[in-house]
Amino acid sequence: MHQRLATLAAARLYLCTDARRERGDLAEFADAALAGGVDVIQLRDKGSPGEQRFGPLEARDELAACEILADAARRHGALFAVNDRADIARAAGADVLHLGQGDLPLDVARAFVGPDVLLGLSSHDRDQMTAAAAGPADYFCVGPCWPTPTKPGRAAPGLALVRAAAELRTGKPWFAIGGIDAQRLPEVLDAGARRVVVVRAITAADDPAAAARRLSSALAAAR
């Protein structure tokens with residue numbers, strides 16, 4: 001747990017990726033992204049091109065994809081995260097379980113995954129953010145900063161919520177999330193964030209390692 005917390009504290013770039021079933025290159029992609037500077041890598045297949053083409057990811061296939069990402073994360077000294085599924089997180093030996101507001105309560109998730117798995121929580125307004133900062137989650141995310149196809153129909157609180165998070169001056173790690181890419185990153189940094197979650201900025205890149213490196217370098221320069 002202590003090593004995971006230390007790795008989390010130093011983390012700046014958090015990537016959510018789908019299982020890339022339509023491409024069949026998950027292992028190669030993960031290695032490239034992690035080599036480029038991704039600190040945390042999470043599997044999130046909801047709404048992905050693979051889901052649209054092949055249907056929802058079955059639990060057995062999700063576990064197999066998790067094992068690929070977990071192995072890559074270990075080799076690169078990064079953290080591997082599972083989205084929503086406490087059972088998959090436990091089975092895959094995940095470092096992190098990330099939960100949304102409508103997922104398992106944190107105390108229930110903690111009882112299921114044990115004391116060594118880090119817990120993260122999404123927040124989408126000031127009340128949720130303040131509660132997340134004060135609560136038992138090991139880190140929290142704030143956003144979306146911009147509307148994103150990853151969360152269709154969800155209103156984006158925008159950079160105002162990022163500014164509010166920065167004003168909390170909490171010692172707990174937090175990440176800005178939602179529609180962030182290399183072009184928008186300066187705005188996010190100006191709002192006070194020093195950690196970000198990205199999706200398409202790396203998953204849609206022709207060169208994932210280069211895309212990750214560009215983001216990681218900008219985050220490092222802003223410390």
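In case you wondered, yes, glycine gets a Cβ from its N, Cα and C as well.
Copied over from Swiss-Prot, here are the features:
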type    : residues                                                 : note
BINDING : GLN42, LEU43, ARG44, ASP45, LYS46, ASN83, SER122, LYS151 : 4-amino-2-methyl-5-(diphosphooxymethyl)pyrimidine binding site
BINDING : ASP84, ASP103                                            : Mg(2+) binding site
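Here the features listed in Swiss-Prot are placed on the structure.
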{"residue": "GLN42", "record": "4-amino-2-methyl-5-(diphosphooxymethyl)pyrimidine binding site", "Cβ contacts under 8 Å, 6 or more apart": "TYR14, LEU15, CYS16, THR17, PHE80, ALA81, VAL82, ASN83, VAL96, HIS98"}
{"residue": "LEU43", "record": "4-amino-2-methyl-5-(diphosphooxymethyl)pyrimidine binding site", "Cβ contacts under 8 Å, 6 or more apart": "CYS16, THR17, ASP18, ALA19, GLU62, ALA65, CYS66, LEU69, ALA81, VAL82, ASN83"}
{"residue": "ASP45", "record": "4-amino-2-methyl-5-(diphosphooxymethyl)pyrimidine binding site", "Cβ contacts under 8 Å, 6 or more apart": "ASP18, ALA19, GLU51, PRO56, LEU57, GLU62, ALA65"}
{"residue": "ASP84", "record": "Mg(2+) binding site", "Cβ contacts under 8 Å, 6 or more apart": "HIS98, LEU99, GLY100, ASP103"}
{"residue": "SER122", "record": "4-amino-2-methyl-5-(diphosphooxymethyl)pyrimidine binding site", "Cβ contacts under 8 Å, 6 or more apart": "HIS98, LEU99, GLY100, GLN101, GLN128, PHE140, CYS141, ILE177"}
Collapsed DSSP category at ASP84 (Mg(2+) binding site): coil
Residue with minimal Cβ packing [other Cβ atoms within 10 Å] among the binding-site residues ARG44, LYS46: LYS46
Three-state secondary structure, which DSSP defines for SER122 (4-amino-2-methyl-5-(diphosphooxymethyl)pyrimidine binding site): strand
